[in-house]
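As written in Swiss-Prot, here are the features:
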- Lys11, Phe59, Arg87, Thr93, Arg104, Asn114: ATP binding site (BINDING)
- His117: active site, pros-phosphohistidine intermediate (ACT_SITE)
Amino acid sequence: MAVQRTFSIIKPDAVAKNVIGKITTRFEEAGLKIVASKIKQLSKAEAEGFYAEHSARGFFGDLVAFMTSGPVVVQVLEGENAIALNRELMGATNPKEAAPGTIRADFAESIDANAVHGSDSEAAAAREIAYFFAATEVTTR
């Protein structure tokens with residue numbers, strides 16, 4: 001297995017519930033290292049740009065409104081098979097379908113307010129990391 005980097009967002013619903021530390025602990029206990037992290041309030045333009053691939057879909061406006069409704073935590077996670085591992089930790093997009101013990105099963109309310117985002121491929125991870133972090137902001141641990 002190769003060491004990979006993946007991108008993670010702890011979304012406004014989870015930040016509002018004050019579970020940033022609990023979610024971060026899940027990443028670290030699974031062997032992922034946090035190599036970049038910042039908390040920020042997304043602007044409408046940032047959210048629209050990040051989710052541009054969904055711009056033609058009916059839920060786009062609601063997604064942008066949700067992602068700008070409060071602060072988020074954007075992170076770069078690093079570890080063996082990081083992309084697949086993070087997706088396993090997150091659980092299914094719909095928390096009602098997420099396996100018990102996953103982040104979404106434990107902390108998410110709905111398919112819209114589903115606590116976390118994670119890259120789904122190496123190409124997406126590279127694009128998403130670069131969207132929020134300069135290369136100089138990502139460390140090696």
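Including glycine, each Cβ sits where the backbone N, Cα and C put it.
Sequence features, as recorded in Swiss-Prot, placed on the structure.
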| residue | record | DSSP class |
| --- | --- | --- |
| Lys11 | ATP binding site | coil |
| Phe59 | ATP binding site | coil |
| Arg87 | ATP binding site | helix |
| Thr93 | ATP binding site | coil |
| Arg104 | ATP binding site | helix |
| Asn114 | ATP binding site | coil |
Q. Rounded to an integer, what is the Cα-Cα distance in Å between Arg87 (ATP binding site) and His117 (active site, pros-phosphohistidine intermediate)?
A. 9
Q.
Whole-number answer please: how many Å between the C-alpha atoms of Arg104 (ATP binding site) and the residue listed as 'active site, pros-phosphohistidine intermediate'?
A. 10
Q.
Between Lys11 (ATP binding site) and His117 (active site, pros-phosphohistidine intermediate), how many Å separate their Cα atoms?
A. 7
Q: Based on Cβ atoms within 10 Å, give me the single least packed residue among the binding-site residues Thr93, Asn114.
A: Thr93
